[in-house]
Amino acid sequence: MAGTKVEKLEEGRRPPGVTAPPEGGWGWMIVASCFLATICIRAVTRCVSMFFVEFQLHFEKDYSTTSWINSLIDATTMLCAPLGGFLGDRLSCRATVILGGLLSSSGLVLSSFASSLEYLYISLGILPGLGFALSYTPAIAMVGRYFSERKALAYGIAMSGSGIGTLILAPAVQLLIEYYSWRGALLILGGFVSNLCVCGALMRPTIEDSKLVESKKLNKAAADMDAKIAEPLVSTNTSSRGFCLESREEFGFLVIPDFLILSVSLLFLAYGCSAPVVYLIPYALSMGVEPQQAAFLMSIFGVSGIVGNITFGWITDRQCLKKYRMLSYMMAIGMDGLCCMFIHLLHSFPLLVPFSVLYGYFDGAYVALIPVVTSDVAGSTYLTSALGVVFFLHGIPYLISPPIGGWLVDRTGNYKATFFLSGACFMFSSAVLGAAMLVRRCRTSKSNSAAHLNPNHTAAAAQQNIEAKTMC
């Protein structure tokens, strides 16, 4: 009986009949596509904060009202992420990424004709956010389908596009704003984001994905045939019952305790990581830093993120360190929290440079590890759906954190409370995972002690050991 439970748990990661990922080949082209996609999505989203002061001056609005643009684009991207995962599974990752590219590019182009801040809420907030959501989840999930042993490294390279994109785009966008105004800069960004369609075209499905699609078509056809045969005798909707059963199996990871704990941690992480990126440049400008130097801070942030992406990906792929991926992820989150706690003490460009270096490095580290940790907890088979849920959890915090940060700035006249609240959320996110790991280890130790005293507890102890490995 114990052996059966263990087998079921181990098989949950890779169902029978599913072959190992290719570990390279066209997979490196998928990594390159995801790399470009993260530039078009995450780097462009970060660079939207560079329009903050321009929008504030042009439309004569306060911090809180203007910050809703950043909130909406981030929140829509994350809240609609499950839709991207759903369409990626039902249609194909290729078609979903291309559709997302068309939507997001159209939104940025339309934003260049904005006549009010409310217009920008829709054209620059919701429309590009929806397009990014359709592109982001399938693009990231495709990397996990091509890699297993070198998954962390592949994700580190792919996610470094966010840092490299920020490095290149931050000064470029600043120059575009100076030479062509914010309207011309948005128009050019819209053309750049259309490269998501190229990324999507390169997303060739694996052989296993093709077989799965064919299998689903055959199963659906068989279910429809059974429904037609049984229709005169039974009034139950067989196809509807089959869809419910398929959905329950696809989202079975939602009831895994480790995934629920990770989800709670992600809620606080999402709140913590949003405000610092939005308010870094306004804070630097308020300290008397020149606009070009403020844009350079974002470039430094991007370079450090690249190093964090790749180094943490390579290190945590080492055989002896794979079991410490969760600890590495927690450490990166905690270090970002400490950075946010002390930024209010930095009042000049030379002092803000170390902040950008450290915050960017650990930001890149945990961003690269999020899909890896999610895959370790939920299993690579359900990675597309699991990532959709993970990004969905970022949605509400992303929506409310910049306006709350702006409200605190309006009320206090400085950025101290805004950054301190973000730092506290980072620290609490790490603490939730740490507490869960300690509880799990204590339970495992007690079970092992009981097994020595009572041999009948051996089966239960073995099962808890496997569950502990999943979390650690």
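Please read every residue number as a count from 1 along the shown chain.
Even glycines carry a Cβ here, placed using N, Cα and C.
Automatic, uncurated: that is what TrEMBL annotation is.
Record features (TrEMBL):
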type: COMPBIAS; residues: 1-14; note: compositional bias 'Basic and acidic residues'
type: DOMAIN; residues: 26-441; note: domain 'Major facilitator superfamily (MFS) profile'
type: REGION; residues: 1-20; note: region 'Disordered'
type: TRANSMEM; residues: 25-44; note: transmembrane segment
type: TRANSMEM; residues: 95-114; note: transmembrane segment
type: TRANSMEM; residues: 120-141; note: transmembrane segment
type: TRANSMEM; residues: 153-177; note: transmembrane segment
type: TRANSMEM; residues: 183-203; note: transmembrane segment
type: TRANSMEM; residues: 259-282; note: transmembrane segment
type: TRANSMEM; residues: 294-315; note: transmembrane segment
type: TRANSMEM; residues: 327-346; note: transmembrane segment
type: TRANSMEM; residues: 352-374; note: transmembrane segment
type: TRANSMEM; residues: 381-400; note: transmembrane segment
type: TRANSMEM; residues: 420-439; note: transmembrane segment
Take the C-beta pairs under 8 A between the transmembrane segment (95-114) and each of 120-141, 153-177, 294-315, 381-400, 420-439. Which stretch has the highest count? 120-141
Could you tell me what the rest of the chain brings near the transmembrane segment (352-374), counting residues at least six beyond its ends with Cβ under 8 Å? 140-141, 143-144, 151-152, 155-156, 159-160, 162-163, 262, 269, 273, 276, 280, 284, 287, 289, 297-298, 300-313, 316, 325-326, 328-329, 332-333, 335-336, 339-340, 342-343, 346, 383, 386-387, 390
Thinking of Cβ pairs under 8 Å, which stretch from 25-44, 259-282, 294-315 has the most of them with the transmembrane segment (183-203)? 25-44
Cβ under 8 Å, sequence separation of at least 6 from the ends of the transmembrane segment (420-439): give me the contacting residues as numbers and ranges. 258, 261-262, 264-269, 271-276, 326, 329-331, 333-334, 336-341, 344, 401, 404-405, 408, 471-472
For the transmembrane segment (120-141) against the transmembrane segment (381-400), do we get 3 or more Cβ-Cβ pairs below 8 Å once near-sequence pairs (under 6 apart) are dropped? yes
Is it true that the transmembrane segment (259-282) and the transmembrane segment (381-400) have 3 or more CB pairs under 8 Å, sequence gap of 6 or more? yes
Long-range Cβ neighbours of the transmembrane segment (327-346) (under 8 Å; 6 or more residues past either end): 269, 272-273, 276, 283, 287, 308, 312, 315-316, 321, 352, 354-355, 358-359, 362-363, 365-366, 369-370, 373, 414-416, 419-420, 422-427, 429-430, 433-434, 472
